[in-house]
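First the structure, in the form of structure tokens, and then the observations on it.
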Amino acid sequence: MKVGGWWTIIAILGVAYLCYWSGILLIDCLYENNVKIRSTYQAVAEAYRPGMGRFVLCAQLTELLSTCIIYIVIAGDLLQSCVPSLDKSALMMLVTTALLGCAFLDSIRIVSNLSLMNAISHLIINAIIFIYCLFQNNCNVPFTFDIRTMPTVIGVVVFGYTSHIFLPSLEGSMEDPTKFKWMLRWSHIIAAIFKSLFGLLDFLTFGDFTQKEISNSLPNQTFKVIVNLVLVIKALFSYPLPYFAAVHLLKDNLFMGTPKTLFTR
């Protein structure tokens, strides 16, 4: 909102619509004549042109590993705002050390439970920020268009809808896959409304003082530290899902030669 103004709201709604329909089309590619014959994007690429699957695999790994790195960087930023005297690199190493336990994740159910904790912490933070913003003075939102800043706006908005990488496994794990379209439609509608309201309310409250991590815009230092610590916990709980997906992609494509190892149960 600080960079794009009202155009950011338009981008949030437009990208949500495009992501919904592209997600539906991608899952439709797994089927032929209403029969599911593929389970991964790599298989879809191979069906289109043999050899293309490896490029899709590289793109998937790049996105997943980049997401993992972003969570570590965000956690480091938030911790540094709490303890400015400590080096950001050292804090990122501390966060990475705390995440080493993810190497022992072997069940999607455990990952789902961790993601649930992420959702709960997310709701707590949003409730705190919403309540705070409602009792503050409001600013005006600009309706200016700057072509130099629009790539930044679009990039940030698109990153907020990074569910496509998980759609095949999500659809495959549903008890009733016929409800996939309904689930995807309403999840994008709710996400678009929530992101729009959250971004608008925050900018109306903090104006030009809005920071890239919204919690850093809070004027009360104690309040800001508490919120940032909860956000760090949220980032830690967000990490296992992309990590688990990346590890399974590597295992399924590069390490299937030996059926049993010293670490196999």
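Placed from the backbone N, Cα and C atoms, the Cβ positions cover glycine too.
Residues annotated as domain 'Amino acid transporter transmembrane' in TrEMBL: 1-255.
Residues or ranges marked as transmembrane segment by TrEMBL: 6-31 (among others). Listed by sequence, the residues of this chain that lie at least six past the ends of the transmembrane segment (6-31) yet keep a Cβ under 8 A from its Cβ atoms are 37-39, 41, 43-44, 141-143, 145, 150, 153-154, 157-158, 160-161, 163-164, 167-168, 171, 180-181, 184-185, 188-189, 191-192, 195-196, 199-200.
Same-chain residues lying 6+ beyond the ends of the transmembrane segment (52-74) with a Cβ under 8 Å from its Cβ atoms: 41-46, 92, 95-96, 99, 162, 165, 213, 231, 235-236, 238-239, 242-243, 245-246, 249-250, 253. Look at TrEMBL and you will find 52-74 (among others) tagged as transmembrane segment.
What TrEMBL lists as transmembrane segment is 89-108 (among others).
According to TrEMBL, the feature transmembrane segment maps to 115-135 (among others).
Feature annotation from TrEMBL assigns transmembrane segment to 147-167 (among others).
Annotation source TrEMBL lists transmembrane segment at 188-206 (among others).
The feature transmembrane segment is assigned by TrEMBL to 226-250 (among others).
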